[in-house]
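Colleague: Quick one: the structure is below, and I'll ask about it shortly.
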Amino acid sequence: MTKFIFVTGGVVSSLGKGITAASLGRLLKDRGLKVTIQKFDPYLNVDPGTMSPYQHGEVFVTDDGAETDLDLGHYERFIDINLNKYSNVTAGKVYSHVLKKERRGDYLGGTVQVIPHITNEIKERLLLAGESTNADVVITEIGGTTGDIESLPFIEAIRQIRSDLGRENVMYVHCTLLPYIKAAGEMKTKPTQHSVKELRGLGIQPDLIVVRTEYELTQDLKDKIALFCDIDKASVIECRDADSLYEIPLQLSKQDMDDIVIKRLELNPKYETQLDEWQYLLDTVNSLDGKITIGLVGKYVSLQDAYLSVVESLKHAGYPFKKDIEVKWIDSSEVTDENVAEILAEVDGILVPGGFGFRASEGKISAIKYARENNVPYFGICLGMQLATVEFARNVIGLDDAHSAELDPNTPHPIIDLLPEQKDIEDLGGTLRLGLYPCHIKEGTLADSIYNETEIEERHRHRYEFNNEYREQLEANGMVFSGTSPDGRLVEMVEIPSNDFFVACQFHPEFLSRPNRPQPIFKAFIEASLNHQQSK
């Protein structure tokens, strides 16, 4: 029987519910249990795929092509599992599906209501998360804050699931804030008490409370929270602010959080607590010596969460070299051919990540040109690959008006063009080339030495692709197409062998990087950047 754990949050948003859920998932996985995890988002968008990065941050893509919340990236990196489309459920997706059923007549003319129709749809998606993965435990984070009107249907659904499945199969974890009042010199439990009171008013009694705090929680404070919130004293867990997110699983383990959950849900773990690998990772993070500076050239840099997985992947790639990665955030709208040398003078490597739209694209092209001409390690992802081919066509071949058809529909030289299967698609949401696809690596290339495999699989999110009409011209002038789809039709990787490191890919390798297992192309980029730094 699959067990279900629900993680809610109170007092304020951004408490770290996602990190708490991911950390618990890691602890249970290390005990030999099969874990999956999902996020309920109360917004009415069907998915974040068409949302502005300024609004939502990064869109994280799963193997099966779901466009999801960035928290799923935390889940995958912490627990070291690959999630699926059932791992992110939005209110928009739920309502959309219910309304489609109503239009089809599935409800036989009945009145469609939040209870039972919306709540039943939510519960169905809960169960699918477990069934699709054959998990022992499903951990579900409820987005928003307890009491928010948007999340009430989700709260009601997880209340009902306890009756549906039995109390022994369901557990509620509530995250709260314990604020420190500087003038009084003490921490206050009242916000936590009121948050739990609100949750209980909605029919849910938490089994475990995780308290976010700046300072150590005294036993008296734990006893007080346990008394007023009606839970066991041992079930009040402290989660202190930490220098590294990777400290959190160890914090929770020291307070026996995994043992409490295992006992409460009558789980049968295969192993005792095993955190040697995680402790080694944390020791590595805490012993980094020196830094490598990477210039990240993008147009959403004012909200760094827009590139969250890219930054995390860079950090992972620095660990084997015991180096901290310092990201220099460069707004591509401010980069020109005239100032690019000054802006990028101090960086050890240049990365142009994915993106959409014409705005600020010329600044990215200027940065790519600087990297190519000055032999600075360059790594392009998605749009970063597309613009690398545009820059090469313009400045090496001499096709001055070359561009991407996405960015300039009237260009006489569409180096990047719409995928054939995208020609007649009008909707924006969910219509990109999404998910895991194979890539064939050309023997003897830098890509070959990076991956050491003839075929790899990587996650994609794009609508435009390199135009093969220009392949011979670019190859004749020194660009190598080192990765393609197995049929050779779609370009997946390009490189310039005359440079020490100039590699770009159409896929998004950042979605498969892990802190204990850096993604190969990121690791190679960081190694090249380190060599460049040492050669200065």
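Quick reminder: no glycine exception, Cβ is built from N, Cα and C everywhere.
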Colleague: Can you find which of S13, S14, S23, S333 Swiss-Prot lists as binding CTP at the same site as D148, I149, E150, K188, T189, K190, P191, T192, Q193, K224?
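Modeller: For the CTP site that includes D148, I149, E150, K188, T189, K190, P191, T192, Q193, K224, Swiss-Prot also lists S13.
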Colleague: Per Swiss-Prot, what member of D69, D71, D80 joins S14, L15, G16, K17, G18, I19, R240, D241, A242 in binding ATP at one site?
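Modeller: Looking through D69, D71, D80, the residue Swiss-Prot assigns to the ATP site is D71.
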Colleague: Give me the largest Cα to Cα distance among S14, L15, G16, K17, G18, I19, D71, R240, D241, A242, the residues the record lists as binding ATP, in Å as a whole number.
Modeller: 20
Colleague: Out of I149, C382, give me whichever of these recorded positions has the highest number of other Cβ atoms within 10 Å.
Modeller: C382
Colleague: If you measure every Cα to Cα pair among S13, D148, I149, E150, K188, T189, K190, P191, T192, Q193, K224, the residues listed for CTP, what is the largest value in Å?
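Modeller: Output for CTP binders S13, D148, I149, E150, K188, T189, K190, P191, T192, Q193, K224: max Cα distance 31 Å.
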Colleague: Could you check the binding-site residues S13, Q193, Q386 and say which one's CB has the fewest neighbouring CB atoms inside 10 Å?
Modeller: S13
Colleague: I'd like to know which of the recorded positions E141, D241, C382 sit within 10 A of G355 (L-glutamine binding site) at the Cα level.
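Modeller: The recorded positions close to G355 (L-glutamine binding site) (Cα within 10 Å), listed in sequence order, are C382.
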Colleague: Calculate the distance in Å between the alpha carbons (Cα) of C382 (active site, nucleophile) and E406 (L-glutamine binding site), and round it to a whole number.
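Modeller: Approximately 13 Å lies between the Cα of C382 (active site, nucleophile) and that of E406 (L-glutamine binding site).
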